[in-house]
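Notes follow once the structure below has been shown.
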Amino acid sequence: MRLFRLAQLGPLTLAADQSVPSSSSLRLLILCLLFFLSSPPGSGTSALTINIGALLDSEQHRLFFLKSIQEVNAHRLSNLPDGLTLNGTVITIQTSPIWTAMEVCQGLLATPVHAILIHHPALPGFQLASAAASYTAGFYRIPIISISSRESSFSDKSIHKSFLRTVPPFTHQADIWVAILLHFGWKKIVVIVSGTQDGRMLLGRLQTRLETEDITIEKNIELAPGAVNITVDLEAMRELHSRVYLLYAEERDAEKVYHHARLAGLFDSGHVWLVTEQALGAANAPTGTLGLKLLHNGQVEEHIRDTIQVVTQALAVSFSEHILSDPPNTCNDTAFTWKDGPSFLQNMLKQTVANGRTGMVAFDEIGDRRTAEYQVINVLPGGHYLVVGACQTDTDSQNTLKLTLDRRKMVWPGGMREVPKGFMVSTHLKVLTVMEPPFTFVDKTVSNASECEDVFQGLLCYEDAQVHHDLLNIADNPAREFCCYGYSIDLLKNLSVTVNFTFDLHLSTHTQHVTTEKNNATEEAVWSGVLGQLIQGDGALAVAALTIMPEHAKYVDFSKPFKYLGITILEKKQPKSSTLNSFFQPFTNDLWVLVMVCLHVVALAMYLLDRFSPFSRYVLPESNEPEDDALNLSSAMWFAWGVLLNSGIGEGTPRSFGGRVLGMVWAGFAMIMVASYTANLAAFLVLDRPQSRLSGVNDARLRNPSENFTFATVRGSAVDLYFRRQVELATMYRIMEKRNYETSDNAVAAVKSGELQAFIWDSARLEYEAAKDKECELVTAGELFGRSGYGVALRKNSPWTSKITLAILGFHENGFMESLDNKYIYMRNDTQCVADENAPATLGLKNMAGVFILVGMGIAGGIILIIIEITYKRQQVKKQRIARITRTAYDRWRRTVERRKKERVRTFNAVLTRAATLDMSNRTGSQNPSREPSPNKRKLERGITMSAGI
């Protein structure tokens with residue numbers, strides 16, 4: 001066999017290297033040719049054997065496989081090249097993945113094998129065994145063909161590199177569904193799939209097929225494997241328009257779906273159920289169900305013959321190109337893979353068996369069978385099955401399906417024979433709204449319909465199941481019914497009358513409708529709020545402040561705008577920059593200082609001129625008037641102030657000629673200064689304007705903001721998405737992204753408090769906020785940009801869309817929408833604010849408050865001075881009284897002292913006199929002791945005594 005291969009490879013080697021001929025290559029070529037020519041016909045090729053391995057589930061299938069191999073060798077079927085012989089190696093498959101991988105290595109690769117056929121029964125556990133065999137064979141690039149594995153995981157070529165199969169995966173049943181939908185003309189469907197990988201792959205394939213068709217999925221329900229209670233999801237389906245349900249689930253899950261759907265009335269007349277092959281096998285499949293069944297499924301022997309046919313044809317093509325190298329014969333060498341395996345696999349994928357035992361056999365680029373035949377099964381009363389149609393691939397165009405159905409034999413749910421329409425338009429709708437002034441106001445204290453209508457001209461709205469309790473603070477309202485009124489409610493009432501439908505109004509949770517997360521399986525956005533409810537089928541339409549955007553319109557339908565609007569900016573009016581010292585503004589500080597200095601210098605100069613002038617004091621000839629006094633310093637100061645302040649001067653004028661000349665010059669100076677002051681005061685006070693408003697989104701203060709200038713919008717809103725999309729606004733978006741607010745109410749409050757300088761939001765809401773502001777502090781600034789509109793949102797492909805659009809257009813024409821604007825947004829009847837941009841500026845108390853304060857300070861200063869004067873006067877009077885008392889006391893003391901001094905003198909004189917008398921007496925008695933005092937002596941003593949008394 002080696003020599004045979006060498007003989008065939010010799011010419012190829014020469015051709016590849018003929019530019020460098022050598023004697024050794026020529027000798028080798030001659031020897032090979034001689035050996036080849038000397039061999040009898042067929043003797044060289046009969047030694048080349050191709051081994052085909054198989055993993056089968058029974059002895060019967062093993063024997064049939066070997067028999068089919070022998071028939072190919074005996075009859076040279078499928079253009080088997082001369083010199084090739086097929087040999088079969090079979091092992092029995094088990095449920096253990098590890099055992100299967102070991103058997104592939106030891107029982108098949110050791111042969112070695114060029115391809116492996118695998119079949120397992122439809123029992124739990126064998127899928128993992130097939131996956132283990134596929135992974136092992138794919139690691140060494142050996143093609144492996146399955147005739148029973150239909151799971152979508154085998155289509156993943158990153159894991160199962162060499163896998164192909166003669167049966168289609170379960171996901172291909174979506175193609176048959178689309179063909180049936182197109183046949184009956186059903187436009188809307190509801191899809192119920194299990195949350196397994198196969199379920200998600202089938203849904204993805206269905207969505208891909210429907211992209212080019214006029215068929216929409218109204219609702220998609222994903223069932224968790226083993227789910228027990230699905231009543232809530234099925235009950236919600238009754239609110240949908242579609243009555244066509246597509247179900248993919250395993251038998252056990254399908255039984256639960258059938259049970260709960262029957263309780264929900266989803267198998268009544270008018271409903272349609274299309275199910276896959278697995279769901280059709282449920283024991284309680286209801287009457288009227290249409291299911292699919294793969295033709296030739298379970299016919300193992302036919303699939304074995306078709307598989308051998310594919311392998312044989314691929315071998316013929318491969319050997320016509322070159323001799324295949326030996327495949328790996330052991331799993332011990334992980335670095336060795338079959339280099340010809342990928343090319344052999346590609347040849348197998350290109351093969352087509354036109355008249356196979358299971359029909360036409362052909363593969364797509366990932367190894368799945370693209371041509372398969374299905375039977376359409378109808379469940380009859382009593383649980384009997386009836387084949388009512390078939391679907392197969394067109395032999396001329398393998399991308400086209402040929403569907404044949406016998407409608408006369410079909411029985412539909414409810415025992416009906418007529419084909420259901422597949423949809424139902426209910427005239428009683430669930431309408432959603434959102435609490436957002438001025439479009440929807442919510443009064444939590446009113447829960448009576450008549451009171452709500454009489455007081456607010458509103459409607460009762462019900463708390464939606466998703467509304468957070470802390471949003472509305474509804475702990476005090478156990479009924480959870482509120483009074484909703486406003487722009488949207490008036491619009492809804494007129495729509496219901498015009499379009500002719502009734503409704504229940506439900507209050508939704510979020511004012512913003514942003515994507516909160518992504519589905520891990522589909523990577524599609526999961527929306528919250530009203531849009532999320534509409535997408536999930538929980539509600540027919542929503543009347544609220546919903547911006548029409550491409551991101552929204554991808555998932556829901558919108559009517560024509562009922563309110564055209566744009567994005568604008570809300571800011572707080574800046575007060576005029578008038579302060580208490582506004583009247584000082586006409587002159588600078590240094591000029592005021594110079595005026596004061598000049599005033600006092602002039603007063604002093606006039607005083608000195610009058611003081612030293614010889615003519616400052618004079619009397620007119622022949623006049624009886626007294627002589628005038630010269631101007632003193634106080635009068636000069638009074639005169640200077642009076643001239644400057646333009647007050648009348650009645651006295652204290654200069655008397656000298658030089659003083660009067662200086663007074664005239666000072667009067668001229670005062671006139672010029674007062675006139676200049678008056679002109680500048682008008683400029684500063686009368687023409688004073690606040691800082692100019694923002695001119696729009698291109699204002700320099702927004703494009704290049706300072707640190708103390710803040711602006712923001714609502715996080716995750718339509719305005720936020722607008723700034724995120726606009727490349728030229730990227731800088732603004734980065735700045736305000738970290739400052740954005742959660743709700744518009746919080747942002748408006750921040751503007752009023754001064755925390756936020758500019759709030760960028762929808763013009764309708766901001767115009768309402770500016771109109772209702774009683775202090776007239778809020779204004780909208782700049783031109784509108786990012787123009788859009790609010791529309792009524794409906795479920796995708798809703799039959800109400802066109803009717804509501806026509807009604808809204810009619811409302812615009814008859815002026816109804818304009819009346820709603822005036823009533824709720826502009827509030828023309830209650831407006832209190834007047835635009836003052838073009839009004840003449842007038843002075844107010846705030847402008848001239850400083851002057852009044854100056855007058856008050858003058859009065860207060862006068863009062864303080866008079867108090868000081870009175871206090872001083874009292875102190876002076878007190879001092880004078882004390883001085884007077886002191887002087888009186890002093891006088892009394894002095895008189896007392898003088899009197900006492902005189903008394904002491906008299907006493908002293910008396911004492912001297914008495915002493916002198918006694919002395920004289922003593923002298924007289926000594927001279928004449930017996931004689932009586934003479935008369936002269938007695939006169940002398942009396943005189944001395946009287947003198948002493950004096």
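Just so it is clear, glycine is given a Cβ too, placed from its N, Cα and C backbone atoms.
What TrEMBL annotates here:
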type: DOMAIN; residues: 464-827; note: domain 'Ionotropic glutamate receptor C-terminal'
type: DOMAIN; residues: 471-536; note: domain 'Ionotropic glutamate receptor L-glutamate and glycine-binding'
type: BINDING; residues: THR547, ASP762; note: L-glutamate binding site
type: TRANSMEM; residues: 591-609; note: transmembrane segment
type: TRANSMEM; residues: 661-687; note: transmembrane segment
type: SITE; residues: LEU694; note: site 'Crucial to convey clamshell closure to channel opening'
type: SITE; residues: ARG724; note: site 'Interaction with the cone snail toxin Con-ikot-ikot'
type: DISULFID; residues: CYS776-CYS833; note: disulfide bond
type: TRANSMEM; residues: 851-872; note: transmembrane segment
type: REGION; residues: 919-950; note: region 'Disordered'
type: COMPBIAS; residues: 919-933; note: compositional bias 'Polar residues'
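THR547 (L-glutamate binding site) has ARG724 as its nearest neighbour among the recorded positions LEU694, ARG724, CYS776, going by CA to CA distance. Residues belonging to the domain 'Ionotropic glutamate receptor L-glutamate and glycine-binding' (471-536) score a mean pLDDT of 74 in the model. In terms of C-alpha distance, the listed recorded positions LEU694, ARG724, ASP762 place LEU694 closest to CYS776 (disulfide bond).
In this structure the C-alpha atoms belonging to ASP762 (L-glutamate binding site) and ARG724 (site 'Interaction with the cone snail toxin Con-ikot-ikot') are separated by 16 Å. Taking CA atoms as the reference points, ARG724 (site 'Interaction with the cone snail toxin Con-ikot-ikot') and LEU694 (site 'Crucial to convey clamshell closure to channel opening') are 21 Å apart. When other Cβ atoms within 10 Å of the Cβ of CYS776 (disulfide bond) are tallied across all protein chains shown, the result is 15. If you draw a 10 Å sphere around the CB of ASP762 (L-glutamate binding site), it holds 26 other CB atoms from the protein chains shown. A C-beta separation below 8 Å, combined with a sequence spacing of at least six in one chain, links LEU694 (site 'Crucial to convey clamshell closure to channel opening') to ILE569, GLU571, ARG701, LEU702, ALA758, ALA781, GLY782. There are 13 other CB atoms within 10 A of the CB of ARG724 (site 'Interaction with the cone snail toxin Con-ikot-ikot'), with all protein chains counted.
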